[in-house]
Ligand SMILES: Cc1cc2nc3c(=O)[nH]c(=O)nc-3n(C[C@H](O)[C@H](O)[C@H](O)COP(=O)(O)OP(=O)(O)OC[C@H]3O[C@@H](n4cnc5c(N)ncnc54)[C@H](O)[C@@H]3O)c2cc1C
């Protein structure tokens, strides 16, 4: 069926924040197109949660409950969605690992294109115009896909979650997983229940200036106070101080927190590519000429080993 669709992503029986952002952005687009938002939920045992998507602008949920969809696999999801969304006008995903993986595969199956990692959406001439950063964030490109469905993935934490109230109508459907060539044998969760970097609203990152892996403890303490996550530059990862999953940048994760504090990071273009669209950037660096200061909103020219503990103490006092 024609219309604007959101492919919902879930984990442990709950919808992920990227899905709520995608639903809110899709609602805005649908209003301008004179259409409505339908969410597709491929899952197992999530019937009750589906109606809640109405809060975020979804009018209707197509819910397929099948054990084959309990764990994400590219094959099962892409096969089912290719059948369900072949007549859609617009399909919106979160640009999470899953969204990026799935959108590309689905676009190929539906013989269309996908604009990835978008930071803005608009409607022009009855079509969706997507804006996305290119050349490591130095330039923004406007993209209009001249095929149907127009497909976009949205960079996490860029689009607001907007509650418009109401419950969505839930229609239970059957969807076919088709031939699935992969099997999920285990899901390994990050130890300690840490906040996912791509979803964190506050990130404190350390670079080569941290001097040693053990010194990241001061960043962990500050992150604990601010309910944030700890990231790292590639130099810190290459030195073995942090695992690769913590790397922010062109060959790491793209993050968009409300607050990004860069400690002992010079601000190479490849690092900026991962954090340049953070809402507020604070840089702490001994070198007043460090390139990170050209990107930062607040520049602290000082030794991080003086500033970070003192700042943490002040945050603690605020309770
Ligand atoms: C293809 C490619 C992909 C890459 N991908 C990534 C990527 O995804 N992410 C990434 O980060 N990099 C990436 N890089 C590497 C990137 O080019 C830089 O080498 C790297 O980001 C530098 O890390 P850094 O800022 O921690 O280290 P440095 O550039 O060495 O900077 C360390 C900074 O710490 C400051 N400092 C030192 N001591 C203190 C102190 N006590 N207090 C305060 N400041 C102090 C110094 O003044 C300096 O500015 C990539 C490179 C290539 C070629």
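Cβ coordinates are placed from backbone N, Cα and C, and glycine is handled just like the others.
Copied from TrEMBL, the annotated features are:
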- 208, 233-234, 247-251, 264-271, 285: FAD binding site (BINDING)
- 4-191: domain 'Electron transfer flavoprotein alpha/beta-subunit N-terminal' (DOMAIN)
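Structural mapping of features recorded in TrEMBL.
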residue	record	contacts (Cβ under 8 Å, 6+ apart)
208	FAD binding site	233, 235, 236, 239, 264, 265, 266
247	FAD binding site	231, 232, 233, 234, 237, 253, 274
250	FAD binding site	136, 269, 270, 271, 273, 274
268	FAD binding site	233, 249, 291
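Classification of residue 247 (FAD binding site) by DSSP places it within a strand. If you take every residue in the domain 'Electron transfer flavoprotein alpha/beta-subunit N-terminal' (4-191) and average the pLDDT, you get 95. Sorting the binding-site residues 265, 271 by the number of other Cβ atoms within 10 Å puts 265 first.
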